[in-house]
Amino acid sequence: MHILQACKGMEHRSISSLIVNQKRQFLLTATATLVGSMIMNENNRLANKMEKGQLHYKDANAIFNKALEAQESKYFSRSKSNYPGHVPLFTFEKLLMIAGSSLGAYLHPERNEFIVALGESTAITPVLTKLQTQMLSDPVGRQILRERPRITSTSLDLDKLRELPDNTIGKTYVNWLDREGVSPDTRVPVKYIDDEELAYIYQRYRECHDFYHSITGLPIIIEGEIAVKILEFMNIGIPMSGLGALFAPLRLKPSQKERLYNIYYPWGFKSGLNSKPLINVYWENILEEDINEFRHKMGIEQPPDLRNLRKKYFEELKKKKKV
């Protein structure tokens, strides 16, 4: 009897302990869930504030950083872009670009990146402003600045130009492109000239370069490029053209220098000074005009065929070697 009562007492205590343990486990679980929920809610609240920019933590280095930024902006504050693709440069960067691109263009005139950088870095504001005034004082120049056409293979429709008569400006132009194996799409956009309209004027000059080749018949070999640079410099006044005409011949052979100095330099000076401003020619609107009438109207003489002169020179050289 006593044993039975003892067993019942032990069973009652076990059940009580089990109930207490279950209650304790439930309370712990509920407490953990409540605390976790509070933490998650606080994290979500902070995240929302952070996303909305409503959090303002005090930075111990804020005063120092602000002073440092002010000092840096005083000397190295790069201005904002004035047009798509514009890359503002500090004065010292422009000077470094002039030095580096000048050396690169002299040693490797075939590399376009040096020519492009030298052209833009030396296209100083007074020169471009003078061209701007020249365009604004001419009805066609004003139309170009107002409409801002771009010269590409699409805008010109080269296939249509190939169907024009042989004596037209358009057919002469596309024949020159085909013969030299070049395309108007290779002209890179201007990005280092700060003023937006002056940048377009330089872009226009750059894209018209092949027209100067085509109306004169000069090829893209080094002698032909120098001859066109002389014409450009005397007529338009772009500094890089003058630099190219001055220094590029230094690396040429005596026979090449002789042709330039005796034939193409005098031609470039005369045609460049006597002809009307080439920057004011709206090429896209005169593609069907007669090329000879255009040369006469502009005052541009067609120089001797450079390729024929070179061909004759090498033929004579071969004859002398045989003798």
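From the backbone N, Cα and C atoms, a Cβ is placed for every residue, glycine too.
Here's what Swiss-Prot has on this protein:
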type	residues	note
BINDING	H209, D210, H213, E225	Zn(2+) binding site
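Swiss-Prot feature annotations superimposed on the structure.
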residue: H209; record: Zn(2+) binding site; contacts (Cβ under 8 Å, 6+ apart): R187, V228, E232
residue: D210; record: Zn(2+) binding site; contacts (Cβ under 8 Å, 6+ apart): Y173, W176, L177, V182, P184
residue: H213; record: Zn(2+) binding site; contacts (Cβ under 8 Å, 6+ apart): W176, E180, P219, I220, G224, V228
residue: E225; record: Zn(2+) binding site; contacts (Cβ under 8 Å, 6+ apart): P109, L218, G244, A248
